[in-house]
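Trainee: What TrEMBL shows for this protein is this:
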DOMAIN    83-205  domain 'Heparan-alpha-glucosaminide N-acetyltransferase catalytic'
TRANSMEM  89-112  transmembrane segment
TRANSMEM  124-142  transmembrane segment
TRANSMEM  154-173  transmembrane segment
TRANSMEM  193-211  transmembrane segment
TRANSMEM  231-249  transmembrane segment
TRANSMEM  333-354  transmembrane segment
TRANSMEM  366-387  transmembrane segment
TRANSMEM  393-415  transmembrane segment
TRANSMEM  435-455  transmembrane segment
Amino acid sequence: MGMYQLINQQDNNNIKKNTGMEGGDLMKTDSKNQKYVEMEEGLNTTDKELSVMSSSAPPIQTLKNTVINNNDNNSGGALKSRRLVSLDVFRGLTVALMVLVDDAGGIFPAINHSPWNGVTLADFVMPFFLFIVGVALGLTYKKVPCRVDATKKAILRALKLLIFGLVLQGGYLHGINNLTYGVDIQRIRWTGTLQRIAIAYLLTAVCEIWLKCDDVVKSERSLLKKYQFQWIFVLVLTVTYTALMHGLYVPDWEYQSPSENSSFSVKCGVRGDTGPACNVVGMIDRKLLGIQHLYKRPTYARTTECSINSPDYGPLPPNAPSWCQAPFDPEGILSSVMAIVTCMIGLHFGHIIVRFNDHKDRMMSWMVPAAGLVVVGFILDFCGMHVNKALYSLSYTCVTVGAAGILFVGIYVMVDVFGFRKPTLVFEWMGMHALMIYIFAACNVLPVLLQGFYWKKPENNILRLIGIGRS
């Protein structure tokens, strides 16, 4: 028996269990008194859930092609809609992966972010979050009573995320080895993980609110037609990124090393270079944000050219290039363009959930493009457009969002189709509290709070007692 037959049999068993009827009998109810189980809004508007990183997965149709007879009060009551648990599990799994690579990446550099070209376990975290944001938005804005009000709410949520990102990643908190706090506005880091998610969330939400037609979806082709303007937006973003990345001229530039209090000159004078020193992503950030506002510990400092302990951080090797200590932001302006594309592709996966009821149709509509994107990504890498997280290259976008789609399908089948929830309860809980976990664990807020309680002198705190921080 094939997978699709098992899925259909599972659906019929669930229908019979909940209603006392076979799946086909449900379609015989009085059409005047039947209504479909609707998806509810997926993003909670309270301040406790600021983004789709937190508990935002909406309910889905409990059963394939399920309808409810309003007058049938003796058949066990109306079938209740339930959350899309697979999205919570996927979000929780991503949070667990993020904590793992943040804490163990220094011990096992192989799972840490790739120093430059290539992809590692840590490099999937950001695209997974962006993909989840897109899926949830597709469910959130299935129905928009007032576009203006929905847009205002989306802007407010994005602003909240931006503020959180500036406080948590802008340099305001000084880490577990320093009890002081505060940041010099002249050196604050403007970009970061939450800021990138906020921008992608806002633009994707605006597209979903305003850029869709009124066509009725009956097939995959009609689905593409309904959202054709969104796909045009994705195409414009991709072409713009590629044209700027390979067309802009990068001149020579200089920077000052705060550690050595000396200036370094970097020779470029090229177009289309995708190396650490002379790429367009870094040039745009230096021009628009200012080099003093960029991330001070770039991943390329772990390359063989810049570290004798590569792929880990380490002392500079002899004759190291002049750019090794230069700031570079992995969540920069141009690289965020392709991050928006990742979110938009996740939005398409959300559309499939909304517009197709059959599990088989959903899985086919997900797996074909997801697998195709992975193949295209590796082909681009083979042709010289390398997979690169720091640049958020087109090949990196394809590989990571395709992998996100494939993983999501696997979780969906296991959790929402066959109902195997017990093995994933921990991830489900983490997914429902993802923003809180991110703030307290990944941003070191909890260790900083614990470190504030000490005995007689700051060095005598619970973190030092368990071996965290300076000895």
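Counting starts with 1 at the first residue shown.
Backbone N, Cα and C atoms are what each Cβ position is placed from, and that goes for glycine too.
What's the neighbourhood like for each of these?
Mentor: Confidence across the domain 'Heparan-alpha-glucosaminide N-acetyltransferase catalytic' (83-205), taken as the mean pLDDT and rounded to a whole number, stands at 91.
Beyond the ends of the transmembrane segment (89-112), by six or more residues, the same chain brings 52-53, 57, 120-122, 124-125, 128-129, 132, 302, 311-312, 407-408, 411, 415, 424, 426-432, 434, 437-438, 441-442 to within a C-beta distance below 8 angstroms of the stretch.
Cβ atoms under 8 Å from those of the transmembrane segment (154-173) belong to residues 43, 47, 50-51, 181-184, 187-190, 192-195, 197-199, 201-202, 205-206, 209, 439, 443-445, 448 of the same chain, restricted to positions at least 6 beyond its ends.
Outside the transmembrane segment (366-387), and at least 6 residues removed from its termini, the chain residues within Cβ reach (under 8 Å) are 117-119, 274, 345, 348-349, 352, 393-406, 408-409.
Away from its own ends, the transmembrane segment (393-415) comes close to residues 3, 7, 85-87, 89-90, 93, 119, 123-124, 127-128, 131-132, 135, 238, 241-242, 245, 274, 338, 341-342, 345-346, 349, 359, 362-363, 366-367, 369-378, 380-381, 385-387, 421, 424 of its chain (Cβ-Cβ under 8 Å, at least six residues beyond either end).
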Trainee: Provide the three-state DSSP residue tally for the domain 'Heparan-alpha-glucosaminide N-acetyltransferase catalytic' (83-205): helix first, then strand, then coil.
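Mentor: For that range the per-state counts are 79 helix, 5 strand, 39 coil.
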